[in-house]
Amino acid sequence: MAKKALVHKANKKPKFAVRAYTRCNKCGRPHSVYRKFGLCRICLREMAHAGELPGVQKSSW
């Protein structure tokens, strides 16, 4: 879990737009966040396996 202070800091509007960065909406992780879902890869995988994300299915080829 991310530190609450860093999550709070990321939610504030930055002084300059380039300083903004994405964080996972579920756990607050700053790396490998999918913009479309707003989730990190770990949370995305957990929620997809649980069937909590409509339209997401495991691919096979």
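First residue shown is number 1, and so on along the chain.
Glycine residues also receive a Cβ, built from the backbone N, Cα and C atoms like all the rest.
The Zn(2+) binding site annotation in Swiss-Prot covers Cys24, Cys27, Cys40, Cys43 and rests on sequence analysis. In the three-state DSSP classification, Cys43 (Zn(2+) binding site) falls within a helix.
Here the Cβ of Cys43 (Zn(2+) binding site) has 20 other Cβ atoms within 10 Å, regardless of which shown protein chain they belong to.
Other than Cys24, Cys27, Cys40, Cys43, the residues of this chain whose Cβ falls within 8 Å of the Cβ centroid of the Zn(2+) site are, in sequence order, Arg23, Asn25, Lys26, Gly28, Arg29, Val33, Leu39, Arg41, Ile42, Leu44.
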